[in-house]
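Pulled from TrEMBL:
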ACT_SITE  His188  active site, proton donor
ACT_SITE  Glu317  active site, proton acceptor
BINDING   Asn86, Arg87, His188, Pro189, Tyr190, Asp254  beta-D-galactose binding site
SIGNAL    1-19  signal peptide
Amino acid sequence: MSSKINLFICMFILHLLAAHSVKIGIYELKKGDFSVKITNYGATIISVLLPDKNGNIDDVVLGYDTIEEYLNGTSYFGALVGRVANRIGGAQFTLNGTLYKLVPNEGKNMLHGGPKGFSKVVWKVSKYVKGGPCPYITLTYFSPDGDQGFPGAVLASVTYALKDPYKLSVVFKGKALNKATPINLSHHPYWNIGGHNSGDILSNVIQIFGSHITLVDKELIPTGKIAPVKNTPYDFLKPRKVGSRIDKLQNGYDINYVLDGTEKMKPVGIVYDKKSGRVMDVKASAPGVQFYTSNWDKTIKGKGGFVYQSHAALALETLVFPDAVNHPNFPSTIVKPGERYVHKVLYTFSIKKY
């Protein structure tokens, strides 16, 4: 039997498995007073519990109390996003001479993989170790050829693991099974390291290790131009409060930074909350990071009935640049059959007591 036939048999079996209902559950990873809860619906982080400088434990990500709220939510709280994270202009792209029309879900554009992207499906729990020296969970999802308009079948996975001391490792993987296709996985925790119910993040001090941004149009689609941040409100090369120049922008921050590092795991950003003393240091293998300051124009009822206002949290979504499929000067998101896509992120949490 040829390897090509074997491949399609494998894809068919995976599709049958994916088609059967998989139960939605909540899974905890725990290491001392550091714990993370994840649901296999959207491979979503639903809580991250950490001590502050006084030993008080707080949940530092926004979210909901029930799975039903995640099913009906539109804010991507904690979710894994794909097959292509962020925006694709006009919900279309051309690959190898073929125009692919995708399913739009933000006006005429596609956001975070479409109306039924990876954040809106149930993932299979393939491995789960709750405790021990390195608690971890691996979730997998089979995306068939034509899913949301994308070419080719993809097998995706994510592994969340707790490591010493107070480190959360996230490893995204994807494999194109039969056709070249874009893969650009990320996830969307809304961080408020002062505590999810502590108010806005405008007094948080942030440093972002990107000296350039990808300019966007009024629909937040990249124009293809890359510009320096120096002498603009986007300059966080030195630590500054999130809100120090936010009034210079129409709504807030929602922009992709071109990361400066060349290391395999390059510095992304550092966030510090003075009141709690918590520090979050982010490193990743991706070339960019979308900095978003929760610029919604409505209130959202979250955990414990707390109402999240605008700028209630920030997101640092590491990824290949948005709309890369339509900009040859951007790093490529195209993965060919048999190739593997890997994207690693490491969050290190610590405390300043002064």
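Each position is counted from 1, following the chain as shown.
The backbone N, Cα and C atoms fix where each Cβ goes, glycine too.
Nobody curates TrEMBL annotations by hand; they come from automatic prediction.
The model shown is predicted, which means the values in this text are computed figures rather than measured ones.
Locations of recorded TrEMBL features on the structure.
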residue : record                        : CB count, 10 Å
Asn86   : beta-D-galactose binding site : 26
Arg87   : beta-D-galactose binding site : 21
His188  : active site, proton donor     : 23
Pro189  : beta-D-galactose binding site : 25
Tyr190  : beta-D-galactose binding site : 25
Asp254  : beta-D-galactose binding site : 17
Glu317  : active site, proton acceptor  : 24
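A gap of 10 Å separates the Cα atoms of Asn86 (beta-D-galactose binding site) and His188 (active site, proton donor). Ranked by Cα separation from His188 (active site, proton donor), the recorded positions Arg87, Asp254, Glu317 are led by Glu317. Separation of the C-alpha atoms of Pro189 (beta-D-galactose binding site) and the residue listed as 'active site, proton acceptor': 8 Å, rounded to the nearest whole number.
Largest Cα to Cα distance within the recorded beta-D-galactose binders Asn86, Arg87, His188, Pro189, Tyr190, Asp254: about 18 Å as a whole number.
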